[in-house]
Amino acid sequence: MHQSNYGIGGFSHITVAGALAHGMKEVEVWLQTISAGQRTPIHRHSCEEVFVVLKGRGTLLLGSTSLPYPGTPQEIPVFQNSTFTVPINYPHQVWNSDEHEDLQVLVIISRPPVKIFLYEDWSMPHTAAKLKFPFVWDEDCLDAPKDEL
């Protein structure tokens, strides 16, 4: 299994079982580690997501879908041996709010491969979020475009 930070500081990702790399059809499984004080980008996707916290503690920041933008996020504490979910299309961010220990999570998503919409901040309109597909950890799995000449 390939492990990388994919250019995201304080972050490590391994696709344990994936659509593009392993032929999974309904779910994908990731192992992610977030360094102390670091955060994932603010994002949303049209799949369900389940997190199992293997190590550490942190905060799930969960935005609104009822406003034209995510708004002030709800802060939900997460900790070792806890499980939490993110509903379809909810803007969210996982923050390792611990100052000393890594946060390590096992992540299960539905409908792979994931199509992620990125937000610059919590006030960015949903319609302005930028689609990133394939996401960085799927880029190596897609066939390179063929030159027809």
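A Cβ is built for glycine as well, from the same backbone N, Cα and C atoms used for every other residue.
Taken verbatim from TrEMBL:
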BINDING   H43, H45, E49, H92  Zn(2+) binding site
CARBOHYD  N81  N-linked glycosylation site
Checklist entry - With a radius of 8 angstroms around the mean position of the C-beta atoms of H43, H45, E49, H92, what other residues of the same chain does the Zn(2+) site pick up? => result R44, C47, V86, Y90, P91, I116
Next on the checklist: Quick check: in three-state DSSP terms, what is the residue listed as 'N-linked glycosylation site'?
Outcome noted: coil
Checklist outcome for this item: Top of the binding-site residues H43, H45 by count of other CB atoms within 10 A is H45
Checklist entry - Once the chains shown are all counted, how many other Cβ atoms turn up within 10 Å of the Cβ of E49 (Zn(2+) binding site)? => result 20
Item to check | Candidate with the highest Cβ count within 10 Å, taken from the recorded positions N81, H92 | outcome: H92
Item to check | Nearest recorded site to N81 (N-linked glycosylation site) by CA-CA distance, among binding-site residues H43, H45, E49, H92 | outcome: E49
